[in-house]
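S.K.: In case it's useful when we look at the structure, here is the feature table from TrEMBL:
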type	residues	note
DOMAIN	20-384	domain 'Major facilitator superfamily (MFS) profile'
TRANSMEM	21-42	transmembrane segment
TRANSMEM	54-73	transmembrane segment
TRANSMEM	85-105	transmembrane segment
TRANSMEM	111-133	transmembrane segment
TRANSMEM	145-164	transmembrane segment
TRANSMEM	170-189	transmembrane segment
TRANSMEM	210-233	transmembrane segment
TRANSMEM	239-260	transmembrane segment
TRANSMEM	272-289	transmembrane segment
TRANSMEM	295-319	transmembrane segment
TRANSMEM	331-353	transmembrane segment
TRANSMEM	359-379	transmembrane segment
Amino acid sequence: MPVTAPSAPLAGAGTERDARTWPVVALVLVFFLGVGATLPALPGAVRATGAGGSALGLVLGVFPFAALAGRLIAGRATDRGGRVLTIRAGLLLTVVAGGLLALPATVAGLVVARVLHGLADALVYTAASAWVLDRTPESRRPHALSVLGAGIWGGYALGPLVGVAVDVRAVGLVVVASGLIGLLLTARLPDRPALGEPLHGLRALLPRGVALPGTALGLGNLGYAAMVGFLVVHLDDRGARGALALTAFSVAVLFGRLVVVPLAAKVGILRTLPYGLVAMAAGLLVIAGTGSTVVAAGAAVVVGLGYCLPFPALATLVAGRVEPAHRGAAIGALTAFYDVYVGVGSVIGGLVADRSGTPAVFVLAASGVLAAAAVNVALARQDRRSRAVVGARP
């Protein structure tokens, strides 16, 4: 796999004005608040239509598949049409999705709304990540991506608090408002399409240099799939308080994005990433074997601190491997690996839990995370060699 020299931000992107990414972080927070608000409202909306569990599964499950399909569109769209234009397209889809949710509920209407919202997720997140990468010096990219991730995490944390308090039609209005507020926040965002020819064909779906980092990202996120899908039931079945451990994990991730990632970036985030993943795997193994709330919560904190590292590290690596004109496609492909591994990992985890119990799910996830650590050691070596070659050029 060829490794190119790290690419610079867009011309003029290093200015203080362009480096102010707070409007993008704010619009991402508001957008994902709307996404999070839908989750507790959907079961009641489906029941109100008279439909059963299979319909609820369809309404819930169509979102990630739409997001995955959207990643493949979003990368090419943001490289060709510009980052801000792509964000705005996603926010307009959000307004339409919210409008559908605000109408009297039908299963078909809920499914269409979720599809549009999933596509919007792909467009907004991919373009926002590329926008931040374009306008941030390489040394600050992990921190900038981590702050962006904190906005997403904050939105997902706050959204359900809204969703449990109102019905799905009111949630639809919240989603509409999230799209409109996001559009207002884009009003003064600079947008310079990157110079160069965008990728075409299959290469636009998987740019060169993304496959191995994507595999590492996917394997590392098997731990996330285990935590959000099985932690509560695993601990509740043992008489512990699963919700408390999950809260500890969430708080640790938010803390890690704001504090740990900047510290790791100063040392060298690719150098520290394998250690973080090993710690994450150790936490998963502790969770597999414990029935204590305190022990599980402590282990969940370790898992959360390790989990905060992979995406900022690997997205920074990928951004340096491709030309600015290909950066949107690269980030879209990288996040698609996340979607695939988390989705497939959740399904496999369910099968393993049925056959061997929930402790086996966490052991399996730890194995995947350790495999991710090994891949990241290889990636760090590749990166050091490429920098040495670049530094030796006259």
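Glycine is treated like the rest: Cβ placed from N, Cα and C.
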S.K.: For the transmembrane segment (272-289) and the transmembrane segment (359-379), check the count of CB pairs under 8 Å (sequence separation 6 or more) and say whether it reaches 3 or more.
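M.R.: The transmembrane segment (359-379) and the transmembrane segment (272-289): touching, yes.
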S.K.: Taking residues 6+ outside the transmembrane segment (295-319), which of them lie with a CB under 8 Å of any CB in it?
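M.R.: For the transmembrane segment (295-319), the nonlocal Cβ contacts are 7, 129, 133, 138, 141-143, 145-146, 149, 209-210, 213-214, 216-217, 220-221, 223-224, 227, 231, 235, 240, 242, 244-246, 248-253, 255-257, 260-261, 264-265, 269-270, 272-273, 276-277, 279-280, 282-284, 286-287, 327, 330-331, 334, 338, 369, 372, 376, 379, 383.
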S.K.: If we call contact 3 or more Cβ pairs under 8 Å (sequence gap 6 or more), are the transmembrane segment (239-260) and the transmembrane segment (210-233) touching?
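M.R.: With 3 or more qualifying Cβ pairs, these stretches touch.
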S.K.: Answer yes if the transmembrane segment (145-164) and the transmembrane segment (21-42) have at least three CB pairs under 8 Å among residue pairs 6 or more apart in sequence, and no otherwise.
M.R.: yes
S.K.: What same-chain residues lie close to the transmembrane segment (359-379): Cβ under 8 Å, and 6 or more beyond its ends?
M.R.: 212-213, 215-220, 222-223, 225-226, 229-230, 234, 270, 273-274, 277-278, 280-282, 284-285, 287-289, 306, 310, 313-314, 317, 345, 348-349, 352-353
S.K.: In the same chain, who gets a Cβ under 8 Å from the transmembrane segment (21-42) while lying at least 6 residues past its ends?
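M.R.: For the transmembrane segment (21-42), the far contacts come to 56, 59-60, 87, 90-91, 94, 98, 101, 110, 114, 117, 120-121, 124-125, 128, 131-132, 135-136, 144, 147-148, 150-152, 154-160, 162-164, 166-168, 171, 174-175, 177-179, 181-182, 185-186, 188-189.
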S.K.: For the domain 'Major facilitator superfamily (MFS) profile' (20-384), report the average pLDDT of the model, please.
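M.R.: Its mean pLDDT is 89.
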S.K.: In the same chain, who gets a Cβ under 8 Å from the transmembrane segment (85-105) while lying at least 6 residues past its ends?
M.R.: 24, 27, 31, 34, 38, 45-46, 48-49, 74, 77-78, 112-114, 116-117, 119-124, 126-128, 131, 168-180, 182-183, 186, 189, 191, 328
